[in-house]
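Visitor: Have a look at the structure that comes next, please.
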Amino acid sequence: MKRYLEEIQMARVYAMFAVLFVHVTSLGFAKTSPDSFVFPFYVLLNVLGKIGVPTFLLLSSLVLFYTYYEKPINRVTIQKFYKNRLLYILVPYLSFSVIYFFVKFFLDHAPVSFNDFIIQLSKSIAFGTAYTHLYFIVILLQFYLIFPFLLWLFQRYPFFRKHAIWIGILVQFLWVYTNMNYLQTPRKASILFSYASFCLTGAYLAIYYERIYNWIKDIKRSIHYIVVNFILFGFVWGIYSFLIYDIQTKRLIVSSLVHEVFWSGFGLISATFILTLSILSYEQISSKSKKHFLELGELSFGIFMIHPLILLVMRQLLSSGSPFVFHSWQIISAVVMYFASYYIVKWILLYVPHSWILFGKSSLKNMLIHH
């Protein structure tokens, strides 16, 4: 039986905080004048937050391939795989899609017929548009749908195993080019092909994971990689932030393809940086810190699902004001959003029956008992 990848839980925590960054800075990023001295800080944090989705996808792919790669593909394996995903991912997604849809519906106060209401709800569920973050779950569900086929390809053909990263990059940019020039779908962000490089890189890393893990944690052997990886992350973060800043200040106009190249490169490099950072920090931090990270890892899915609701409440309380009040409220909102999400999710998982309907499967109770 393969070991439980505790360091991946730490990586999930880092990715979760990235998602929190991108959402908590979104209002300040949109409403702050580019001439303001605080605007560059919003840009830096907002861009940093964009690593969340690529990292989550890479980690999800890594864990799935690590778990299933050496297992035979048969009816029992596939049935168990889909049962777990339907129960613990699809059901929470449906639950929160309905919750967010109703919240938006009542806030908008827009009169609509029952038929139109059902149509709008169905579309929001199908495309992950009930709220800004739910498109990610739609991407995950698409990945789960084709995972058995990908697993078969990797098991059957060595070519796919050896060249998974390049195949992923090629598939992603063929899709981007095709969509840009021919299909022009407005919902590109909800389609799995837009993230193929992250998914297949995760698959590649999973197959060779133990070798990679043991190499990275041996700092004497991997020091050159670590230094290059960290410097490269800082470099692409800075370059992409400058690009976004120049676009927002209208000092630069770039094509969609150029922007896609920068975003994809930044996402892929950042995801490998997060993985490297997680392996190193897992090996260095104390047992007490590990326990806290592992707990946060168990809560990360729930925090991901509920935090925009807390943020929405905070923004309803105060959405504007003097610059000092506005920027201060963004900081207060971030703190309240995190701690409220943390304690709400933890309490529900520990004390509310059938909590999986909202927050999926969690080992939080067992983890707290054994630690």
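Placement of Cβ uses the backbone N, Cα and C atoms for every residue, glycine included.
Feature list, courtesy of TrEMBL:
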type	residues	note
DOMAIN	7-344	domain 'Acyltransferase 3'
TRANSMEM	12-30	transmembrane segment
TRANSMEM	42-66	transmembrane segment
TRANSMEM	86-107	transmembrane segment
TRANSMEM	134-153	transmembrane segment
TRANSMEM	165-183	transmembrane segment
TRANSMEM	189-210	transmembrane segment
TRANSMEM	222-242	transmembrane segment
TRANSMEM	262-281	transmembrane segment
TRANSMEM	293-314	transmembrane segment
TRANSMEM	326-345	transmembrane segment
Visitor: Against which stretches of its own chain does the transmembrane segment (293-314) lie, if we need a Cβ under 8 Å and a gap of at least six residues from its ends?
Guide: 6, 8-10, 12-13, 15-16, 19-20, 23-24, 92, 96, 99-100, 103, 131-133, 136, 282, 285, 329, 332-333, 336-338, 340-342, 344-346, 348-349, 358-360, 362-364, 367-368, 371
Visitor: To what whole number does the mean pLDDT across the domain 'Acyltransferase 3' (7-344) round?
Guide: 94
